[in-house]
Amino acid sequence: MTADDRIRTVGEQAALARIIARLTPADAAVVGPGDDSAVLAAGGQTAITTDTMFEGGDFRLDWSTFADLGTKCVTTNLTDVAAMGARPTALVIALGVLADTTVEQLEQFADAASAALAKQAPGVGVVGGDLSVSPTTTIAVTALGDLEGRSPVLRSGARPGDAIVVCGELGLAGEGLRLLLEGTPPDDLRRTHPREMQAHLAPIAPVAAGAQLARLGATSMLDVSDGLVLDGFRVARASAVRLDFDRAALDSYDAPLESVLYGGEDHALLATVPADAVERVLSELGSDARVVGSVEAGEPQVTTGGQPLEERGWDPFTR
């Protein structure tokens, strides 16, 4: 890093040109980055989501590289679109960075974002955004998705008799955070606990599973970002049902039960599907999908083996 590479020296236009050159075009883009607005070729209903990440509250620069942040901001938004049953089509990213941030760091961010899109949602690209100088590093992402003629899959459709299916990992991200908070240097943890570090710092999720689950008849779905139990309560209340998790299924994950239940930032997809669709769901989604419980009639509650679970999880407003 040299002083000449800092954005305070390079300037906005030169920095943007270097970033845009590294972004993958979106198949849906009629007009991409460079004009006042992007233009997308849109058909039917569009799912839209926005997420903001702040240094200190959502990430720490002594833990995360700019490449990590590029991956994480893409994944957290893709899974929100996927949870509606939509196929992601495009992203818009606004970055507020310190004046001493280097263009090389921004290029690392762009490269990682493009790689994460190629891996999780081929054909999706960053079609626009904003770059500004800020006293705190901030990332705001808006993601769009095409419902492809289907109705959106809401949290409110779970029905008694449905099976509960999770696509993706549970607990590893929470374990990664726990290890980082213990004070071990991140570089050491990347060597000794690579899966936990990737899950927390640079997650990759089965994004395509969202549209697949919708096609296969999922009755409800959401992105597990605040912990399985806390997000499970959201489905239970919206659908006026009880979610009962199977302890043996929860124990099959590669993380302690506490993190599986309450860790947060997993970005797995939690879905409910009719019992007669389970076999096909597992066949088409393969090892990404696991049946972890069932939907029961009753007051909104989350249980395991019929025993109530404490309603808690990741809540940044109470941290």
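Quick reminder: no glycine exception, Cβ is built from N, Cα and C everywhere.
Copied from TrEMBL, the annotated features are:
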type: BINDING; residues: ASP36, ASP80, ASP223; note: Mg(2+) 3 binding site
type: BINDING; residues: THR50, ASP51, ASP130; note: Mg(2+) 1 binding site
type: BINDING; residues: ASP51, ASP80; note: Mg(2+) 2 binding site
type: BINDING; residues: ASP58, GLU265, TRP314; note: substrate binding site
type: BINDING; residues: GLY129, ASP130, ARG155, SER225; note: ATP binding site
type: DOMAIN; residues: 159-299; note: domain 'PurM-like C-terminal'
type: BINDING; residues: ASP226; note: Mg(2+) 5 binding site
type: REGION; residues: 295-319; note: region 'Disordered'
- In whole Å, could you give the widest CA to CA gap in the ATP site formed by GLY129, ASP130, ARG155, SER225? 32
- Item | Under 8 Å by Cβ from ASP130 (Mg(2+) 1 binding site), counting only residues of that chain that are 6 or more apart | ALA94, LEU95
- THR50 (Mg(2+) 1 binding site) and ASP80 (Mg(2+) 3 binding site), compared by Cα position, are separated in whole Å by 9
- How does the model score the domain 'PurM-like C-terminal' (159-299) in terms of mean pLDDT? 97
- From ASP58, ASP80, GLY129, ARG155, ASP223, the binding-site residues whose CA lies within 10 Å of that of ASP51 (Mg(2+) 1 binding site): ASP80
- Message: Taking only C-alpha atoms and a 10 A limit, tell me which of ASP58, ASP80, GLU265 are near SER225 (ATP binding site). These are the binding-site residues.
- Response: ASP80, GLU265
- GLU265 (substrate binding site) and ARG155 (ATP binding site), compared by Cα position, are separated in whole Å by 18
- Starting from the Cβ of GLU265 (substrate binding site), draw a 10 Å sphere and report how many other Cβ atoms land inside it. 22
- Note on the structure: Residues near ARG155 (ATP binding site) by Cβ (under 8 Å) yet at least 6 apart in sequence within the same chain, in sequence order, are SER220, MET221, LEU222, ARG234, VAL235, ALA238, SER239
- Message: Quick check: with THR50, ASP51, ASP130 left out, which same-chain residues have Cβ atoms within 8 Å of the centroid of the Mg(2+) 1 site Cβ atoms?
- Response: THR52, ASN77, VAL92, ILE93, ALA94, ILE139, ALA140, VAL141, THR142
- Query: What's the CA-CA gap between GLY129 (ATP binding site) and ASP58 (substrate binding site) in angstrom, rounded?
  - Reply: 20
- Query: Given the binding-site residues ASP51, ASP80, ASP226, which one's Cβ is surrounded by the fewest other Cβ atoms within 10 Å?
  - Reply: ASP51
- Here the binding-site residues are THR50, SER225; which one has the lowest number of other Cβ atoms no more than 10 Å from its Cβ? THR50
- Once the DSSP letters are reduced so that anything not helix or strand counts as coil, what is SER225 (ATP binding site)? coil
